[in-house]
C-alpha cells in the first residue's frame, strides 16, 4: 500500500538570523511545504557569517505566523545543556498552542554545542550519549501523561513533578540515526525516524531502513506508522554554476562524523571545512539545474522507503529556491510513491 509522501523544508538556523529565519518558514508554507524543521545549535558550524537562533523561540514564532505546517526540531539534544523535563514542558506548551503541528526530533549530540554551554570533562562515548537519550525520552513521555512523575534514572531525576498543560495529541518524538543501533531504537520507540542524505546507497538500503523495520517488528509495531524523514541536501538552481557554488557555505557537512562530533569550537570547524575543495563539498549534495535529474536522484530515497522528504537548500537566497522548488520540483515529486 502506497504511503503518503510529505515534502518539508529545513530552516537553516546556522545561516540566517532569527527574524529572517521565521520569514523563510512562512514563505515555505506559502510555497506548499508540509513541514518546517530547524536545527538546534548553541554554536554554528561557521564563526564568520554563522548564526545560532534559539530553536524553541523560533518554533513558537513560526507557529503564530503559520496555519498548517508541522514544526519541529531536526534535531535537538535534550540531554546535556538542556534538562529533559524542561524540554518536555516547552514542547507540551507548544503542543497546546499549535495542536497536532509540533514534533520533537532528537539526537545524541555534538561536543561543539555542549562545551560552549559549560560541559566539562571528556566528551562522553556514544554508549553514554545514547543511554542519556533513551532515558530522556522515557522521562519526557512520562511527564506528558500529566500524572505525578517521580523519576529516578541514572542521569535524570524528578520529584513530585506534574505537567499541568498537556496537549490532547501527544508530542511525536523523532529519533535521528546515522547507524543501525539507533535506527533499531527509532523503530522500537520512535514516532518518527530521521536521517540525512548523501552518505552512500548501502547505508539506507542495507543498514538504516532494515534496522528501523527490525526494531518495529521486535516491538510489534507497524513499520508504516513510523514517519520516516530524511533531510535531503539539495542545491537546485536553473543556473548550474550557482547550484554548485551555493554549497560552499555548508562545507562543514562534508567533514567526517568523527571530526564533527569532537570539534568544540566554530572557528576550528570553519577552518577544517574551508580546507575542503568545492568538489568534495558538493558530493554531500544533489547539485542539479535540470528538474528531472534532481527528482530522479531524490527518487532513490523514496524507493528506500523514506516517506517524509525535508529539503535543505544551501544558498543565501532561500526564496529563490522555494519558488523554483514549487514550480519545478514539487509537481514531479508529488508523483513519486513510497
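Glycine residues also receive a Cβ, built from the backbone N, Cα and C atoms like all the rest.
Per Swiss-Prot, these features apply:
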- 40, 77, 108, 109, 113, 178, 179, 181, 182: coenzyme F420-(gamma-Glu)n binding site (BINDING)
- 41: active site, proton donor (ACT_SITE)
- 110: active site, proton acceptor (ACT_SITE)
- 196, 199, 260, 284: substrate binding site (BINDING)
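Here the features listed in Swiss-Prot are placed on the structure.
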residue: 40; record: coenzyme F420-(gamma-Glu)n binding site; Cβ within 10 Å: 25
residue: 41; record: active site, proton donor; Cβ within 10 Å: 22
residue: 108; record: coenzyme F420-(gamma-Glu)n binding site; Cβ within 10 Å: 23
residue: 110; record: active site, proton acceptor; Cβ within 10 Å: 23
residue: 113; record: coenzyme F420-(gamma-Glu)n binding site; Cβ within 10 Å: 22
residue: 179; record: coenzyme F420-(gamma-Glu)n binding site; Cβ within 10 Å: 14
residue: 182; record: coenzyme F420-(gamma-Glu)n binding site; Cβ within 10 Å: 27
residue: 196; record: substrate binding site; Cβ within 10 Å: 21
residue: 199; record: substrate binding site; Cβ within 10 Å: 15
residue: 260; record: substrate binding site; Cβ within 10 Å: 18
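Among the binding-site residues 196, 199, 260, 284, not one has its Cα within 10 Å of the Cα of residue 113 (coenzyme F420-(gamma-Glu)n binding site).
In sequence order, 197, 198, 233, 247, 250, 253, 254 are the residues near residue 284 (substrate binding site), counting only same-chain partners six or more apart with C-beta under 8 A. In the three-state DSSP scheme, residue 196 (substrate binding site) falls into the strand class. Candidate recorded positions: 41, 108, 110, 182. Nearest to residue 260 (substrate binding site) by Cα distance: 110. It is 11 Å from the Cα atom of residue 179 (coenzyme F420-(gamma-Glu)n binding site) to that of residue 199 (substrate binding site). Using a 10 Å Cα-Cα cut-off around residue 41 (active site, proton donor), the recorded positions 108, 110, 182, 199 reduce to 110. Cα-Cα distance from residue 110 (active site, proton acceptor) to residue 40 (coenzyme F420-(gamma-Glu)n binding site): 11 Å (rounded to the nearest whole number). Rounded to a whole number, the C-alpha distance linking residue 182 (coenzyme F420-(gamma-Glu)n binding site) with residue 196 (substrate binding site) is 14 angstrom.
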